[in-house]
Amino acid sequence: MELKNDLILRAARGEKTERTPVWLMRQAGRILPEYRAVRNSLSGFIELVKNPDLAAEVTIQPVDILGVDAAIIFSDILVIPEAMGLPYEMIEKKGPWFPNTIKSEADLKNIRIADSSSDLGYVIDAIKVTKRELAGRVPLIGFAGAPWTIFCYMVEGHGSKTFSNARKMLYTQPALAEKLMQMITDSTITYLKAQIEAGADIVQVFDSWAGILPADQYEQFSMKYIRQICSAITEVPVTAFAKGAYFARKSMATLDCETIGLDWNMDITETRELIGPNKTLQGNLDPCALYGSNAEVEAATKKMLDAFGPDRHIANLGHGVYPDIDPEKVKVFVNTVKEYSAR
Ligand SMILES: Cc1c2[nH]c(c1CCC(=O)O)Cc1[nH]c(c(CCC(=O)O)c1C)Cc1[nH]c(c(CCC(=O)O)c1C)Cc1[nH]c(c(C)c1CCC(=O)O)C2
C-alpha cells in the first residue's frame, strides 16, 4: 500500500521534506477520552494490548483526533518479558508488576528467547489490522524496549526511581546480567523483524532508564546491545531513544541507525554537534511545556523548531506525553509544527 504521507520516513532517511513531521511518544493513550472509553470497556490494559481490533482502534485515534504524521502501535515494551516467560500485571495507578523476577542463574532456566509468531502473535495481528485500517494515510511505528530497560523490569520487578536491584546485578553478577541481556536482545531482534514483516514502516527502541547508569556501564550493558539491534534491522529506519543518556551521545552517533531521540534536557545545538550531520534528530519539547497557555505552547514549539532547523528533524516531545495534558494543547503543538515549518 502506497503511503500518502511518508514525511517521517523521508525525514529519517535525510531526504528533504515540505515541512517537519510530528508525532508524540505515548500519543495513543490516556490523554484521549476516546481511549479511556475503549479501555474502560475491558477489564484492563493488558486485555486491550491483547485485542488486535481494539488495539488498532486506539492506535489510529491520535491520527484522526490530533493530526499526527505517524501512528505508533498500541502495545507495551513489557510484552517481551512476558513472551520470554516472565508475565506482568498492570496495577491501576501504580504501574507494572512482575510476580516473578530474575535473581540468580537458576532463574534463567524458567525463561526463553521469545518466539514472536507464537508468543507475540497478538501484536503482529494488531499491526496487520492497523495497517489495513490506516490504508496508507500515515506510516506505522513499531517499537520495543532497549535490553537494559527491559532488564530493569525483569530484575527489579516493578518501576523504581533507582532500579538499585537491577543495577546491583551489574556489580555482583555481571556474567548473569550479560546472559540475560543477550537473551532479551535476541528476542527483541526477531520481534522487531516480525513487526516489520507485518507492516511497521519504522521502528523505535526505547531506553527509558538509560540515564541511571554511569557512562562506562552504559556502554557495556546497554549500548552494546542497542548496537546489535540497530545493525540487525536493515529493512526500515531505526530510531534510538535513550532517555537521560546525554553522556552517550557521541557513542550514539556511531550506531547503525537513522534517527536519535533527544530528551528535553539535551541541548539541541550541542547534540547536533556531537551526533554530526548524518543522522536525523527527534524531539524534544519539554512534556511540561504543554501545561502552558496556547500562546506559550506555540512560542516554545517555534523556539524548538528554530533550534533544530528545517532538515533532519522529526518533531516530538522529549518523553511521553503526560496523562493529564489537555488534548487541545497537543493540537496546538502539532499544528504549530505543521504551519511554522512549512515552506
Ligand atoms: C518504560 C515504558 C513502559 N512502556 C513503554 C515504555 C517506554 C517509553 C517511556 O519511557 O515512556 C512504552 C509504551 N507504552 C505504551 C506505548 C503505546 C504507544 C504510544 O502511544 O506511545 C508505548 C510506546 C502504552 C501504555 N503503557 C502503559 C499505559 C497506561 C495504562 C493504562 O491505560 O492504564 C499505556 C497507554 C502502562 C505502563 N507501561 C510502562 C509503565 C512504566 C507503565 C505505567 C506508567 C504509565 O502509565 O506510564 C512501561
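Using N, Cα and C of the backbone, Cβ positions are placed for all residues, glycine too.
Automatic prediction, not curation, is the source of TrEMBL annotations.
Beyond the ends of the domain 'Uroporphyrinogen decarboxylase (URO-D)' (21-30), by six or more residues, the same chain brings 7-8, 11, 36, 39, 58-59, 61-62, 66, 68-72, 74, 141, 241, 314-317, 319-321, 323, 330, 333-334, 337-338 to within a C-beta distance below 8 angstroms of the stretch. Feature annotation from TrEMBL assigns domain 'Uroporphyrinogen decarboxylase (URO-D)' to 21-30 (among others).
Note on Ala28 (substrate binding site): other Cβ atoms within 10 Å of its Cβ, all shown chains, come to 25. Positions annotated as substrate binding site by TrEMBL: Arg26, Gln27, Ala28, Gly29, Arg30, Asp76, Tyr153, Ser208, His319.
Taken from TrEMBL, the feature site 'Transition state stabilizer' covers Asp76. Listed in sequence order, the residues of the same chain lying 6 or more apart from Asp76 (site 'Transition state stabilizer') and placing their CB within less than 8 Å of its CB are Phe45, Val49, Met90.
The annotation domain 'Uroporphyrinogen decarboxylase (URO-D)' is assigned in TrEMBL to 141-157 (among others). Remote same-chain residues near the domain 'Uroporphyrinogen decarboxylase (URO-D)' (141-157) are listed as 8, 23, 70-73, 75, 77-78, 80-81, 84, 86, 88, 96-98, 100-103, 127, 163, 165-166, 169, 177, 180-181, 184-185, 188, 191-192, 195-196, 200-210, 213, 218, 221-222, 225-226, 229, 240, 242 (criterion: CB distance under 8 Å, separation of at least six residues from the stretch ends).
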Most crowded position, judged by CB atoms within 10 A, among Arg26, Arg30, His319 as binding-site residues: His319
Site diameter for substrate, Å, by largest Cα distance between Arg26, Gln27, Ala28, Gly29, Arg30, Asp76, Tyr153, Ser208, His319: 23
Contacting binding-site residues, sequence order - Arg26, Ala28, Tyr153 vs ligand 1, Cβ under 6 Å: Arg26, Ala28
Counts by DSSP class (helix H/G/I, strand E/B, coil) across the domain 'Uroporphyrinogen decarboxylase (URO-D)' (21-30): 0 helix, 1 strand, 9 coil
